[in-house]
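What follows is a short report on a single structure.
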Amino acid sequence: MPGSNCTQATELSLAGFTEDLATQVTLFLLFLLTYLVTILGNLGMITLIRASPLLHSPMYYFLGNLAFVNLCTSTTITPRTLVGVLLGKKGMAYAGCMAQVFTLDLFLVTECFLLATMAYDRYVAICHPLLYPLVMSPKCCSRLVAGSYLLGLANGVGQTISMSSLSFCSSRAIDLFFCDISLLISLSTADTTLSLVILRSASSLLGVPSMLVVLVSYIAIISTILGISSAEGKCKAFSTCAAHLGTVSTFYGALIFMYLIPRSDTSRGGEKWAAVLYTVVTPMLNPLIYSLRNQEVREAWRR
């Protein structure tokens, strides 16, 4: 319950990273470089997939959508972070914070289901190659992608409704560089029962199933690869999913550290860098990983 000295805030304060000027300049340059690489890499990947007939297949259709989502996720977070680091501007309007929560939760859940869809695509390709053209038809791929966006939209709307019931004291500061719904709930001076129910329901109904799809798919994929007799066949099969496995490990690893491991005062710094990993670094790395690990993408770039 709010105390008698609590003044309701119309603007929220983001703690950022550090007060040291030299470190702020270094962080600004690193974030700026990362964002530029993210923009160029993901836009380049989207353009390449649309322009090259060699990449007109379900796997690259999903990859193009993943690049778009990565671009949106990074744009939701990084420009505001750059302004905060450069100008020392920590305040963020409540409406702006709500918009950031909506867009970030929309695209994070969409990415979760796109990664799960890509894992299922690799499972069908490796474990049931004869059925692949039938199972992963253009209509099925379109429905899977549309479903990923719709589930992300449902999560964004739900979390925004959750945040609309929260209120904050003007002295409260978010110990992060963006508006994170879990931290907002913990800082609220209002009744957080509805917000916690929505957050936990979303985690259970959206996050866990997508992780299970990825886990079960890769258990089946690894089992199938181990059953291949020739070393060349094993290497070829593994190369088709190695890039996606690296992306999944980085993305889900950061999310698990951020949201599933219990919070403590000593882990706050680690949470900030885990958040940097899945909101800033992973969107930059994805196009680079797929470009370096995938022979068809490298061939399309050369052409």
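Here the Cβ of each residue, glycine as well, is placed from N, Cα and C on the backbone.
No curator has checked TrEMBL annotations; they are predicted automatically.
As recorded in TrEMBL, the features of this protein are as follows:
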DOMAIN    41-290  domain 'G-protein coupled receptors family 1 profile'
TRANSMEM  27-48  transmembrane segment
TRANSMEM  60-79  transmembrane segment
TRANSMEM  91-116  transmembrane segment
TRANSMEM  205-229  transmembrane segment
TRANSMEM  241-261  transmembrane segment
TRANSMEM  273-292  transmembrane segment
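On the 0 to 100 pLDDT scale, the domain 'G-protein coupled receptors family 1 profile' (41-290) averages 84 in the predicted structure.
Counting residues 6+ beyond its ends, the transmembrane segment (273-292) has Cβ neighbours under 8 Å at 31, 34-35, 37-38, 41-42, 44-45, 63, 66-67, 70-71, 73-74, 76-78, 81, 104, 108, 176-178, 180, 243, 246-247, 250-251, 253-255, 257-258, 298, 301 in the same chain. Long-range Cβ contacts of the transmembrane segment (27-48) within its own chain (Cβ-Cβ under 8 Å, at least 6 residues beyond either end) map to 17-18, 55, 63-64, 67-68, 70-71, 74, 78-79, 81-82, 85-86, 280-281, 283-284, 286-288, 290-291, 297, 300-301.
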